[in-house]
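Pulled from Swiss-Prot, these are the listed features:
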| type | residues | note |
| --- | --- | --- |
| TOPO_DOM | 29-252 | topological domain 'Extracellular' |
| CARBOHYD | Asn38 | N-linked glycosylation site |
| CARBOHYD | Asn58 | N-linked glycosylation site |
| DISULFID | Cys76-Cys84 | disulfide bond |
| CARBOHYD | Asn95 | N-linked glycosylation site |
| CARBOHYD | Asn109 | N-linked glycosylation site |
| CARBOHYD | Asn170 | N-linked glycosylation site |
| CARBOHYD | Asn201 | N-linked glycosylation site |
| DISULFID | Cys219-Cys242 | disulfide bond |
| TRANSMEM | 253-275 | transmembrane segment |
| LIPID | Cys276 | S-palmitoyl cysteine |
| TOPO_DOM | 276-295 | topological domain 'Cytoplasmic' |
Amino acid sequence: MAIPMRPRLLAALAPTFLGFLLLQVAVGAGTPPGKAFNLTWISTDFKTILEWQPKPTNYTYTVQISDRSRNWKYKCTGTTDTECDLTDEIVKDVNWTYEARVLSVPWRNSTHGKETLFGTHGEEPPFTNARKFLPYRDTKIGQPVIQKYEQGGTKLKVTVKDSFTLVRKNGTFLTLRQVFGNDLGYILTYRKDSSTGRKTNTTHTNEFLIDVEKGVSYCFFAQAVIFSRKTNHKSPESITKCTEQWKSVLGETLIIVGAVVFLVTVFIILLTISLCKRRKNRAGQKRKNTPSRLA
């Protein structure tokens, strides 16, 4: 005997409805719908944040990071954010490889409101591991700043500022140079102001001294580089700076012209005074040589 259409439809939809019902019951009981994903380290000059997805519903996140003893340390416990600042942990030793993971911890409704069910019945909450993070190798270098520059004759001198990091020693923040030593260098890319052709110069210090053409303006920018790295070895480009040799040449020209005008003016004044004195002397001599008339 054929089954009527409506009971057949209900029979087909029953598993779907049951699954949906169980999902709602699980969520209501505090079971997290899933684990964190897209775990990403965001780190510049050792300022380090771990980010992930998605935004939690009916559960919270807790981050764990391994210390040098291989023990898990809890950070950002019971947070509903999707990021956690781990800077204070990773700057303790920038040459250590850190492991981190994000745990999804469900809520539980109680007489005290919502509470987190952490490690219920001895079971560990679902978690997702982040990739291993070695600060010395993985932190990005921030945009450098050109501190000062000077072009004189055929030489251009450029000094790059030695930026501070969040790494501390004896309570004092260390500079990039103090952390990386000779592994840190800078690349200067420069060109004539009126040209598109570029040249580069590399230094292991913070200063450049390059040969240029006299009286020609130059534009340039700097990049930090970590020589031992295969990836993330260059920083973003600094703000481009340009010398203004036309102003320098104009200034020198004005000084020369001004000096010439001053000397000419002084000469004219002295000549005028001298001529006036001569005229007076001649007039006086004339009066002496002219015989006086008798009354």
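Quick reminder: no glycine exception, Cβ is built from N, Cα and C everywhere.
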Sort the recorded positions Asn58, Cys76, Asn170, Cys219, Cys242 by C-alpha distance from Asn38 (N-linked glycosylation site) and give me just the closest.
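Out of the listed candidates, the nearest Cα belongs to Cys76.
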Of the recorded positions Asn95, Asn170, Asn201, Cys242, which one sits closest to Cys276 (S-palmitoyl cysteine) when you measure Cα to Cα?
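Sorting the recorded positions by distance from Cys276 (S-palmitoyl cysteine), the top entry is Cys242.
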Between the recorded positions Cys76, Cys84, Cys219, Cys242, Cys276, whose Cβ has more other Cβ atoms within 10 Å than any of the rest?
Cys84
How would DSSP class Cys76 (disulfide bond) in three states?
strand
Between Asn58, Asn95, Asn170, Asn201, which of the glycosylation sites has the fewest other CB atoms within 10 angstroms in the structure shown?
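Lowest Cβ count within 10 Å among the glycosylation sites (Asn58, Asn95, Asn170, Asn201) is Asn170.
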Taking the Cα atoms as reference points, how far is Cys76 (disulfide bond) from Asn170 (N-linked glycosylation site) in Å?
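Spelling it out, the Cα of Cys76 (disulfide bond) and the Cα of Asn170 (N-linked glycosylation site) are 26 Å apart.
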Of the recorded positions Cys84, Asn95, Asn170, Asn201, Cys219, which sits closest to Asn58 (N-linked glycosylation site) by Cα distance?
Cys84
Which whole-number value in Å describes the distance between the Cα atoms of Asn170 (N-linked glycosylation site) and Asn95 (N-linked glycosylation site)?
18
If you draw a 10 Å sphere around the Cβ of Asn38 (N-linked glycosylation site), how many other Cβ atoms fall inside it, taking every protein chain shown into account?
10
Consider the recorded positions Asn201, Cys219, Cys242 and say which one has the Cα lying nearest the Cα of Asn95 (N-linked glycosylation site).
Asn201
